[in-house]
């Protein structure tokens, strides 16, 4: 007898309605809720999924390598990276006739192709790849790695090769392994690749499988390393006249501290990058020997955290705390076990760190690009900034989601009595109300300033605008070396201690050249009143998103309205039998509502980055400076003017190479708008609609020959909200992604 889906939940499998299908899909990855799941089995299944996850990433990379080698123009681009447009892949069947076929036959191709805006060409070129053959070899190597990963995932599900629960919970061993092996060795291995392959290639010296054992990466070999003369590796760096990829102006240094960027490639010096990675690798390997594992020496997390409490004789705060709260606190008692026994807590921390890193990458690629010539490919820069910022917001929302699930499923009040977690829960009203106050202050003041400026400009008196200079941010820029503001502080003052110390460092250094370059090159662009206002607008969005997420997590166990909320789970429905008036207070609902704010916030942040850079790249900073101080300036001079190019991708006079982006822009709007239908209409609407359709179906000839076993039941409100927020997010991303790429490409290619 065939088992009905889902096999992991007999309760759901026996549900006679369509709820069986949707709830089955919703809980497919919620391993904890599956029938017969033990803690050990849970860890083992998750461990195996890591191998699958890595395999998917590997297949993606291999697919990119293969398709660019097959259908791209990598070798032509390598010969002239500043003038040849990189091709992502061919378009096999361009619809809609000869017009679009001609429009998309671009970048020197003989057939319709897509232009590559992912930066992959720049990455592969920078790390030393030069030919299609090398791309094919890379794809094959990664495919072999993927096969090993898939085998490893399968193997670790077999009875003899399943790790034990104790192995998973040995936090010290895991930390040592992650620090020393995963971060330490891989950083040093990457330094090895840069020193042995990428840096020689950047100097016109090919290094491949045929000669990598015979080509010395440095004229003196390992002698300086073993004699302690490490400074030799920093001597004779590439000159400012170095032509990237050739020996012209090339030096011999492999580990430098030059600062700034390579004048021709616009990217960080490769020798600086190799120095960065070897330093991180060494620190990580030292860090990977800190925790007690095999030899009974080193730290344990439990001792560290238990020592951080005001009962401990060595705690410096014990007296002060007693005076303030009237009793001894147990700051970190129980925290180690709480984290070590909660996968949701660990995942929340990991997502928060990775989300922050993704946002950092977005900024880093614009301010300090590491790939050769990517700084001059403006469309790619804009696309990658947008891409990484959107990734960051979803990871951060996920961090708080799993924090909330931790409080519902894993938090033990007894084990955490009077420690820092318990205190956060006890003082949540103060935390939430303060955040609320900050949001209102930011929102009312920022909007009021914008609206005031809009009104006075509309009445023809722009001189009456309230324009606030961001003096604190300018102070930070000046402290880092920007001299245009006339603030003589730290590096902006040639006689300050940091400036004198920097001047005393041996060799040449180029940080000051970069920070004081023209706006389209400088990593610290000049800022003024428009930046001040949009900064506070973005701060409003960030604080409101944080407020919704933090409130959702801290109220996940219970609130004044619903003290026993934890008993209802993470995403309780509010449209079935049960408690009324609780529709917006599950922890899931907070994530759902925060996603809208997160999308709004990241749109504002990306609008800001994109418009300011468009102005800088076009040599017209005045447009941004004058128009960004009022809302109509943003609507008219950024959104409307840049949308016009995309909307022109389809018109009565024919089509152009922006047409695919134009259709994506339109389709994205439609998907986005569809979301509102699900967000506004609640369960009764869908149930009536479904019953009407069922009635019509059962009374229509031919159609009524097809029946179903599951009784059609409408979406719950939670499900409708999920469908709604998914359409909203996907539509938002498609619309803005198409906007960023098309509006930038129409100006710069």
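Using N, Cα and C of the backbone, Cβ positions are placed for all residues, glycine too.
Summarising the annotation, Swiss-Prot assigns transmembrane segment to 46-69 (among others).
Counting only same-chain residues 6+ beyond the ends of the transmembrane segment (135-158), those with a CB under 8 A from a CB of the stretch are 44-45, 47-52, 54-55, 58-59, 61-63, 65-66, 68-69, 74, 124, 129. The transmembrane segment feature in Swiss-Prot is assigned to 135-158 (among others).
The transmembrane segment feature in Swiss-Prot is assigned to 175-199 (among others). Long-range contacts of the transmembrane segment (175-199) within the same chain, counting only residues at least 6 positions beyond its ends with a Cβ under 8 Å from a Cβ of the stretch, are 126-128, 207, 212, 215, 217-218, 254-255, 270-271, 273-274, 277-278, 280-285, 287-291, 293, 301.
A Cβ distance under 8 Å defines the sequence-distant neighbours of the transmembrane segment (273-291), meaning residues of its chain 6+ beyond its ends; these are 171-173, 175-181, 183-188, 190-191, 194-195, 199, 234, 254-257, 298-301, 370. The transmembrane segment annotation in Swiss-Prot covers 273-291 (among others) and is backed by sequence analysis.
Positions annotated as transmembrane segment by Swiss-Prot: 343-366 (among others).
The transmembrane segment annotation in Swiss-Prot covers 382-408 (among others), and the record cites sequence analysis as its basis. Residues of the same chain lying 6 or more positions beyond the ends of the transmembrane segment (382-408) and with a Cβ under 8 Å from any Cβ of it are 117-119, 342, 344-345, 347-352, 354-356, 358-359, 361-363, 365-366, 425, 545, 549-550, 552-554, 556-557, 566, 569-570, 587-588, 590-591, 594-595, 598-599, 601-602, 605-606, 609-610, 613, 733, 736-737, 740-741, 744.
Swiss-Prot lists 430-452 (among others) with the feature transmembrane segment, giving sequence analysis as the kind of evidence. Residues 424, 465-466, 468, 533, 536-537, 539-540, 543-544, 546-547, 550-551, 554, 629-631 of the same chain lie 6 or more positions beyond the ends of the transmembrane segment (430-452) yet place their CB under 8 Å from a CB of it.
Per Swiss-Prot, the feature transmembrane segment maps to 532-550 (among others); the stated evidence is sequence analysis.
Taking the Cβ of residue 574 ([4Fe-4S] cluster binding site) as centre and 10 Å as the limit, one finds 20 other Cβ atoms among all the protein chains shown. Taken from Swiss-Prot, the feature [4Fe-4S] cluster binding site covers 574, 583.
Away from its own ends, the transmembrane segment (590-611) comes close to residues 366, 382, 385-386, 389-390, 392-394, 396-397, 400-401, 404, 531, 534, 537-538, 541-542, 544-545, 548-549, 551-553, 555, 584, 624, 628, 634, 638-639, 721-722, 725, 728-729, 732, 736, 740, 743-744 of its chain (Cβ-Cβ under 8 Å, at least six residues beyond either end). Look at Swiss-Prot and you will find 590-611 (among others) tagged as transmembrane segment, backed by sequence analysis.
Sequence annotations record features per position, and here Swiss-Prot assigns transmembrane segment to 658-680 (among others) based on sequence analysis.
Positions annotated as divinyl chlorophyll a B1 binding site by Swiss-Prot, on the basis of sequence analysis: 669. Note: residue 669 (divinyl chlorophyll a B1 binding site) has non-local neighbours 731, 735, i.e. same-chain residues 6+ apart with C-beta under 8 A of its own C-beta.
In this structure, residue 677 (divinyl chlorophyll a B3 binding site) is part of a helix by DSSP. Its Cβ taken as reference, residue 677 (divinyl chlorophyll a B3 binding site) is surrounded by 13 other Cβ atoms within 10 Å in the chains shown. Annotation comment: Swiss-Prot describes 677, 685 as divinyl chlorophyll a B3 binding site, evidence class sequence analysis.
Under the heading phylloquinone binding site, Swiss-Prot lists 686. According to its DSSP assignment, residue 686 (phylloquinone binding site) is helical.
Annotation comment: Swiss-Prot describes 722-742 (among others) as transmembrane segment, evidence class sequence analysis. Same-chain residues lying 6 or more positions outside the transmembrane segment (722-742) and placing a CB less than 8 Å from one of its CB atoms are 117, 379, 382-383, 386-387, 390, 592, 595-596, 599, 603, 606, 610, 642-643, 645-646, 649, 658, 661-662, 664-665, 667-679, 715.
For the binding-site residues given as 685, 686, the lowest number of other CB atoms within 10 Å of the residue's CB is seen at 685. Away from its own ends, the transmembrane segment (658-680) comes close to residues 100, 103-104, 114, 643, 645-650, 715, 720-721, 723-739, 741-742, 745-746 of its chain (Cβ-Cβ under 8 Å, at least six residues beyond either end). Counting every protein chain shown, the number of other Cβ atoms lying within 10 Å of the Cβ of residue 583 ([4Fe-4S] cluster binding site) is 15. Comparing Cα positions, residue 677 (divinyl chlorophyll a B3 binding site) lies closest to 686 out of the binding-site residues 574, 583, 686.
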